[in-house]
Every structure is written in C-alpha cells, then in structure tokens.
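Novice: According to TrEMBL, the domain 'Yip1' annotation covers A:76-229. Taken from TrEMBL, the feature transmembrane segment covers A:91-108, A:120-141, A:147-174, A:181-203, A:215-234.
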Amino acid sequence: MAEAAESPGDPGTASPRPLFAGLSDISISQDIPVEGEITIPMRSRIREFDSSTLNESVQNTIMRDLKAVGKKFMHVLYPRKSNTLLRDWDLWGPLILCVTLALMLQRGSVDSEKDGGPQFAEVFVIVWFGAVTITLNSKLLGGNISFFQSLCVLGYCILPLTVAMLVCRLVLLAEPGPINFMVRFFVVIVMFAWSIIASTAFLADSQPPNRKALAVYPVFLFYFVISWMILTFTP
Amino acid sequence: MATTAAPAGGARNGAGPEWGGFEENIQGGGSAVIDMENMDDTSGSSFEDMGELHQRLREEEVDADAAAAEEEDGEFLGMKGFKGQLSRQVADQMWQAGKRQASRAFSLYANIDILRPYFDVEPAQVRSRLLESMIPIKMVNFPQKIAGELYGPLMLVFTLVAILLHGMKTSDTIIREGTLMGTAIGTCFGYWLGVSSFIYFLAYLCNAQITMLQMLALLGYGLFGHCIVLFITYNIHLHALFYLFWLLLGGLSTLRMVAVLVSRTVGPTQRLLLCGTLAALHMLFLLYLHFAYHKVVEGILDTLEGPNIPPMQRVPRDIPAALPAARLPATVLNATAKAVAVTLQSH
C-alpha cells in the first residue's frame, strides 16, 4: 500500500519494468551454459505442451528414454571428449548398471554358514556411497561440476565392470583352474583400466589442472574395490 | 492542466481496457510461469544456481509488489484489485516456499564451503607429507609443525577400509549382524575419529598445544604405515615378516607422531602419559587389524587339512542318491579341485 502512494508519480516509467524484468530474467537464466543442464528438462516440458507428448504412446516415451540411456552407454564404451554425459545427466543408467551388477554378484547362498560373499545391499551401498564420497571429495577439491553430474558419470562408468562381471560368470561356467582364473584376471584388469580411463576423460576437465591426481585417486580406489569384488566372486 | 491532459488521458483511457487486459495477462501469466519454474529449479538437482535463484526470487517479490501497486492505482479497482491481491498472495507464498528451500540448500552448500580450506592441497604436498609421516624428527625443544589438512587422512582412511575389506574377504570372515563393508568402515573411521578425540582430550588435560584438526591430520597420516603393512601382510602370510614390518613401519609412523606430541607438551609426566597412550593404541590397533582377520585363515586351513575332513566328505556321499553313480568320481574330483582353489586363493 505504501508503494501505491508513491507510484502515481510516474506510472509511465513504472509500468515497463515489471513487464520485462521478469521476462528477461527467464531468458537470461536459460542461456547461461553453467546451468543449462538444469533448464533443459524445463524447456523440454514447455515444448511438450506444444507438441503434446501426452498423446504419444507409452512405448514412444520409454523408447526415447532408453535410447538416451543407450547413447550414454556408447559414450562410456568409446570415451572421447564429449560432454553429453555431463550435459543431460540421468540416474537411470547408473541404477540399471548397479542393480545388474549387484544381482550378478549375489551368490545363491543356500548355506547360511558361509555368508561372507557380497550381498545385494552391500554392492548397492558400495556403489552409491562410493560415488557420493568421490563427488564430495571433488567438490571439496574445488571442482566445478554439479553433484548429480558427477554421480551420473561415475555410475555410467561402471558399465565396463558390469561387462567384466558378465564375462566372469560365463567363464566360471567352465571348469575351475588356474587358466580360468587367469582369464578372469585379465578381463577384470582390462575393464578396470577402461572404467578409470572413461571416468577420468569425463571428470578430469572439471578439476583444477594441478589437482587431477588428487581427484582421480578416490576414483581409482572405488573401481578397484568393485573390480576386486568381481574378481574374487565364486558362485 | 486538467484540460491539457484530457486528450492524453482520454486516449489512455480508451486504450486502457486492452492494455490493462494485456498487461495483466502478461503479468499474471508471467509471474505464474516464473513461480512454477522456480519451484522446478529448487526441486531440481543442482545447488549452483541457488544464489541466482534467491536473487531472482527477491526481485520477483519487488516486481509483484510493484505490479500490485500499479494495479491498485489503475481505474479498474473491483475485479482487478482482487486479482492483484490474489496474485500477490500467491507470489508471497511461493516466495516463502522458495526461500525456505533455498536457505536449506544454502546451509548445505555453506557446510561444504566450510570444509574446503582443509582440502586445499597439491599432489606434491600430499606426497611429501606421506613420506614425512614415516620419518620421525628428533626435535623436542621447539613445537613441530603439523599441517592442518584433511584430504590425505581421509584418503588414507578410505584406503585402509579397502585393504581391510580385502583382508576380510581373503580370510572368509563371517560377520553375523551387518556387512563386511560396514564393519570395515566402522573400524577405520571409529579408530581415526575416536582415538583422535581421546588423545585430544588427554592433550587438553596434559596441556599440550594441539588442536583437534591437527590431531586428526597427525593420526590420519600415521595410518600410512598401517596401510602399507596390512596391504603386504594380507597377501603374504608370514608371521616373521609381519612382526618385522610391525616394528619397522608401524614403529616409525608411531615414533613420528610421538616426536611431534613430545615437542608440543611440557613436563615429563604429561609427555609419558600422552605419548604412551598414543603409541600403545596405535601399535595395538595394527596388531589387532592383522590378527583379527588372519586367525580365521588359519582356522579354515586347519579344518581343510586337519582331521575335520568328514563334513567335506559328506557332500559326495549325499549326492549319489539323486544323481547317477557315474557322476560320483567327477563330483569327488570337483570337490578336491575346489578345496585346492580355496587354499590357493587364501595364500
């Protein structure tokens, strides 16, 4: 009400400001590349009102999301300097990979005597707790990457290790022996290196150049623990 | 003045309805869109844009106020005034909700910022500190420097967790309530935080010049020796080797910490109490970590090699009932191979 008394003095100058101030705010906030990631779902939602994905079949929606996840899988398998994985992050891929890995690591332990093997919850907790720890560490070291972007990259980069787990399970179907172990060892080492290379290719740029080693060390530890679990797995 | 202003006023009045409607549409629609978007942003995933968001929300409140004021001094006081009040109320509510979320995110982010100085290190610094943690300096007259940094200690604790997990796995440790991971994390962090707090408390009683942060850094870097010793001896099961490493590496890292503490304490009794406690705890912890998960291996080896074979033999004896007799030799062979594999892996 106090403003009401003041504003009649210059109604002409007062009126355009509220008109365009809000609008310019929107456009600016969408053009800043740093937060472009966050505004993309919003913008697509606005677009969806026009093209109306409400009418499209559920299959189309699911296929579109699956295609996005698949594209990111390809990015991990063939890591190159690209920030698709960073720009539109999602946690579907990591969830799928983590659940697959945990299910495969779950040994069908009928005998409760030897219950030392990795359980589903344990793998799940290691993956997510480890990823969160690495992310916090990289934030503390001064990295300019958002929390979920880093979580997304770390989750997607488990893909080679999941593949290694699949291979290990297939190899374990054959008769056990030193050759069997050597094959598994080789596969796990290669996939471990692949995971490290892929994740550093995506994450290293977000760190200050002189501190890359500090940020990569926990990543190394994280994948090392997971690959070690895969290597020592016996059904 | 009224006469000169009349045409302009008339013109403005004539254009009023459309413009007013248009204005209000834009304003109302605009503010609604902004509000919804802001809600989206805050419920979204990143904390970075909170500062900007906060600012935008504040500006928006000003805008809403201005809009409400403008609408009230307009000609259409009835419906328009009501709508203005409503929009203002909604904006107010939105702003309150946004502010609450923003301040919560802010406080989380501020906590990270508080910790950031302790992680301000270079790789070369960490390397030199790791090496220095094994080199005791005999200088007791002048207080030795302790770097107040948490990156190295935290990473060493995580490394120790990984090594411990490795040791537990190879020794087939069975933990009834809880997971191996939880136990490993609990042991390592419990030791680091618990002993640091305890020694800090003792240091307070003994009047030593040390802060909690320095204590955490000192004890954290002291775990470097533990990491090396455990990593080697979990893979090479030799008691003599372990005792050698225990005395050498564990002793060196303990000596380093003791030297630092001695240099920062005055009075022989206080020094003895403080350093004796720390040295005993640190050395015994390494002993505990090694033997807690080593003994189990020996126990398993005993059951495999010793006279407790009968439970192993029960497996092939039970199977023929369900399987054809031809499979019997293969099963026995399999069981033997498995036992060999287990023995190989545990070594």
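Yeah, the Cβs are placed from backbone N, Cα and C, and that goes for glycine too.
Mind running through what each feature is packed against?
Specialist: Confidence over the domain 'Yip1' (A:76-229), given as mean pLDDT on the 0 to 100 scale, stands at 84.
Using a Cβ-Cβ cut-off under 8 Å and counting only residues 6 or more beyond its ends in the same chain, the transmembrane segment (A:120-141) has close neighbours at 94, 98-99, 101-103, 105-106, 147, 150-151, 154-155, 158, 203, 206-208, 211, 214-215, 218-219, 222, 225-226, 229.
Residues 37, 72-73, 75-77, 85-86, 89-91, 93-95, 97-98, 100-101, 104-105, 127, 130-132, 134-135, 138-139, 180, 183-184, 187-188, 190-192, 194-195, 198-199, 202-203, 206, 219, 222-223, 226-227, 230-231, 233-235 of the same chain lie 6 or more positions beyond the ends of the transmembrane segment (A:147-174) yet place their CB under 8 Å from a CB of it.
Sequence-distant contacts of the transmembrane segment (A:181-203) (same chain, at least 6 residues past either end, Cβ-Cβ under 8 Å): 76-77, 79-81, 83, 85-86, 138, 143, 145, 150, 153-154, 157-161, 163-164, 167-168, 171-172, 212, 215-216, 219-220, 223-224, 227, 230-231.
Counting residues 6+ beyond its ends, the transmembrane segment (A:215-234) has Cβ neighbours under 8 Å at 101, 105, 107, 117-118, 123, 126-127, 130-131, 133-134, 137-138, 141, 143, 154, 157-158, 161, 164-165, 168, 172, 184-185, 188-189, 191-192, 195-196, 199-200, 203-204, 207 in the same chain.
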